[in-house]
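A.B. asks: Handing you this structure, nothing more for now.
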Amino acid sequence: MLSKIFKFNGGVHPPENKLESTGRPIQKLGIPDQLVLPLRQHIGNLPKLRVQAGDHVLKGQLLAEAEGTISAAVHAPTSGTIVSIEEQLIPHPSGLPDVSITLKTDGQDQWLPHQAIDWQQLAPADLAKSLRESGIVGLGGAAFPTQVKLRPASGPGLKYLIVNGAECEPYITCDDLLMRERADEIVKGIEIAQHLLKAENCIVGIEDNKPEAERAMREACAKSSLKITVAVVPTLYPSGDARRLTALVTGIEVPSGKRSTDVGVQVFNVATLLSVYRYLTFGETTTSRIVTVTGNVRNPGNYEVLLGTPVEFLLEAAGGALSDTNGLIMGGPMMGFQLPAAKVPVIKATNCIIASAPRLFPEPPPAMPCIRCARCADACPVSLQPQELYWFSRAKNLEKARDYQLFDCIECGCCSYVCPSDIPLVQYYRFAKSEIIAQDKAKEAANLARERNEFRLSRIEREKQERAAKHAQKAAGAKADAAPADDAKKAAIQAAMARAQAQKTEVTPQNTENLSPKVQAEIAEADARRAEAEGASAVDAANQEQQEG
Amino acid sequence: MDRSPYVTESPSVSVIMLKVMLALVPGIVAYVWMFGSGVLISLALASVTALVAEAAMLKVRSRPVMPFLLDGSAMVTAWLLALALPPLAPWWLIVVGTLFAIVVAKQLYGGLGYNPFNPAMVGYAVLLISFPVLMTQWPAPLAIAGAKLSFMDQWNYIFNRVLPGGIGLDAISSATPLDTLKTQLRLQHSMESITSAPLFGQFGGKGGEVVAGAYLLGGLYMWQQRIITWHIPVAFLGALALMSGVAHVVNPEHYAGPLFHLFSGASMLCAFFIATDPISGPTTPRGKLIFAAAIGVLTWLVRVYGGYPDGVAFAVLLLNICVPLIDANTQPRVFGHPK
């Protein structure tokens, strides 16, 4: 059946270059001698190590477990011995190393005994716990821990479960091939997600440049007892962005700053749901993923690769990179980043490796000034005004950039793609975002410091006053019949203190009754400080009167 | 290292400017056909002056000369100014206007991308205010001119102010239709008698309406090439047509109809080539509509009530001032923000 397709602003049509890697079925890659498994392969907390160097582990064995709410476990992709746990280069835009487990493989590929998880009978809490141990993350590239998104619904379910098979980035075809070859398993994954989230509607979104995948998914969906709609969306980058896909297939715009679940929507990548199916039905944790290897290589294609496999090993399988290769890009050409080295491992987020060459991705010409042509605004899928954000970022007018919703920018690169002046706009936005975040942090720290300082000053003042009172008392006790001048001074001080006291206790109408206890406490504290200060100045005033007298 | 996206599709600034110049070609051809080849001399003069001035200013400002010379923006400014000036004006008028446009209106404000005012219109306004008489000496359409000048005659006139023996200035020049209409209406002549004069064509001025049609053609090409969007031409021409149409319906004896306004003066040049200058114009779709509609209204007001026969240059410059205000108040709704 046909479903209604909505629209979003902008979008671009970069050359697809997908045919190169769809010619052959997915090929299984062998086991390399060594796997490198970064602990952080997902968004969220670093998982807690559960093994140490020298341990022998089996395929699927837990190496590190999820820590905190948003985190994901790491498992051994094959059997072998842990050689070391230390910082290694990882595939990350920063190019910085991170803690990784190095596993010397034994070639046996021996599984840890595992069994199906009786997910249909399991109590929601137990199921949530089990999913937490799965280590599954979003395989579309964002690598957000799936357990957080798959918490079994306790109340009313979702309105829409959206399955993302759009794969809008050029070059990448891993989801395409997966849908062609393993549609039945994906549909079983959809059934599981629907069951857990009690979704009313299930929609699979596929771009219209993948007719084979669409056909396979339609056939698989037809076999399902569940009503699953396959929605064919026009090929338009970035239709595979979760919020854009949601808008395309449901017409719902997820409000800025909110989660999609706030409007009853949850989006999963096709490969992620397949992993969920494999985990719950066979107890298999994620040990491998499909990676597209393409660009400047001899035999582009899709490979099923053990996590932790060095990228160079994968490249060799694809016939090796051609001689004019000048770098490796992980991800697509629109949002991908340059790998720091060919030895970095394939991680859960690695959907594609592109060998780059000047022929494919020529160096952009030097940037010209912005001519305000607003092509970027026409292309922006978030309806931002990239040219304004650029001016503000460039001028470091960060507050303005924030006002113009800089933080709604998804860094998809459409603006740079169409810019006739070849301005690296996305880099300007990243810079401005990080500046703003840094400033906010500094501001917060400064506020904290100021509060501390105020508190310190008030404490010093209080102590001074207490000392003065003590001194006065002592003096009064020692010289019972002191000079009348002293008496007068004392009387003046007492009168001043009494006035201050009266002022303090005077009941004035306050508009703070309805505030939270914490805020009220803060106000009370501030009032006390003020009264103390007044008391102190009263003492000063009395002293002065005395001297003048 | 991080430079995503790794691919781009856009035509460069130079290509965009080249296409703008290409879009002007039909208008130039029509101009030569209707008014003689003098305009080619103006175009060449303005181009050379613009390039020399641009290069000199870039040098003075220690900016790379070649990339900016090749961006084509100075040439576009030169062509627009040359097409807006009377083609038989003395050579120094064109040079002064171009110098003002490039040196003051463009480079002193920071060069490409930084000029708040349309440089060609600044040059034009400066000349109109400083040399009003020279700026109203337009060649008569060849179809009704008392004498025809050869290319060399025009060259001689532009550079030496010498006309061939026996030909007076009156024989080759005339007031523009807009000018004629304005002065004749003041003299209480009837609309019908004014527009039946040979100077007037089917709906605009004789010859001028053909050139305007050619500009329209070039404009449509730019729209098809996605160099301009529909907003500015439609809003400008729409507002001009609406103002003149309403006035014409109310009092046809005193107000010329919309077709006359659309095909006279600089209307079509403004709609597609001048008001659409991205640098000095607004960027938001709604902003473009407001900007161009206001130019249309102002142009009509100046033409009908103002002291000058045409009002395009002043209208554009006045609205250039308002661009930051317009942009700030017409921001489109961002995805996921309240409607």
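Backbone N, Cα and C atoms are what each Cβ position is placed from, and that goes for glycine too.
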A.B. asks: Considering the [4Fe-4S] cluster 1 binding residues A:C370, A:C373, A:C376 given in TrEMBL, which of A:C202, A:C221, A:C419 is annotated for that site as well?
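C.D. replies: Record source TrEMBL; matching candidate: A:C419.
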A.B. asks: Neighbour count, 10 Å Cβ-Cβ cut-off, for A:C412 ([4Fe-4S] cluster 2 binding site): what number do you get?
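C.D. replies: 27, counting other Cβ atoms within 10 Å of A:C412 ([4Fe-4S] cluster 2 binding site).
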A.B. asks: Return the member of A:C380, A:C409, A:C412, A:C415 nearest to A:C370 ([4Fe-4S] cluster 1 binding site) in space, with distance defined Cα to Cα and candidates limited to these binding-site residues.
C.D. replies: A:C415
A.B. asks: Identify, in sequence order, the binding-site residues in A:C376, A:C409, A:C415 that approach chain B with a C-beta to C-beta distance under 8 Å; the answer is 'none' if none do.
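C.D. replies: Out of A:C376, A:C409, A:C415, none lie under 8 Å of chain B.
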A.B. asks: Could you tell me what the rest of the chain brings near the domain '4Fe-4S ferredoxin-type' (A:398-429), counting residues at least six beyond its ends with Cβ under 8 Å?
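C.D. replies: Same-chain contacts beyond the flanks: 10-12, 14, 237-238, 241, 243, 256, 334-335, 364-371, 373, 375-376, 378-382, 384-386, 388-390, 392, 435-436, 439.
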A.B. asks: Enter the number of other CB atoms within 10 angstroms of the CB of A:C370 ([4Fe-4S] cluster 1 binding site).
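C.D. replies: Within a 10 Å radius of the Cβ of A:C370 ([4Fe-4S] cluster 1 binding site) lie 25 other Cβ atoms.
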A.B. asks: Within 8 Å of the Cβ centroid of the [4Fe-4S] cluster 1 site residues A:C370, A:C373, A:C376, A:C419, which other residues of the same chain have their Cβ?
C.D. replies: A:I371, A:R372, A:A374, A:R375, A:P386, A:Q387, A:Y390, A:C415, A:V418, A:P420, A:S421, A:I423, A:L425
A.B. asks: Determine, to the nearest whole angstrom, how far the Cα atom of A:C419 ([4Fe-4S] cluster 1 binding site) is from the Cα atom of A:C409 ([4Fe-4S] cluster 2 binding site).
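C.D. replies: Their Cα atoms are separated by 16 Å.
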A.B. asks: Between the Cα atoms of A:C409 ([4Fe-4S] cluster 2 binding site) and A:C376 ([4Fe-4S] cluster 1 binding site), what distance do you get, rounded to the nearest Å?
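C.D. replies: A Cα-Cα distance of 12 Å.
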A.B. asks: What Cα-Cα separation, expressed in whole Å, is found between A:C380 ([4Fe-4S] cluster 2 binding site) and A:C373 ([4Fe-4S] cluster 1 binding site)?
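C.D. replies: The separation of the Cα atoms works out to 13 Å.
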A.B. asks: Whole-number answer please: how many Å between the C-alpha atoms of A:C412 ([4Fe-4S] cluster 2 binding site) and A:C373 ([4Fe-4S] cluster 1 binding site)?
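C.D. replies: Each residue's Cα considered, A:C412 ([4Fe-4S] cluster 2 binding site) and A:C373 ([4Fe-4S] cluster 1 binding site) end up 19 Å apart.
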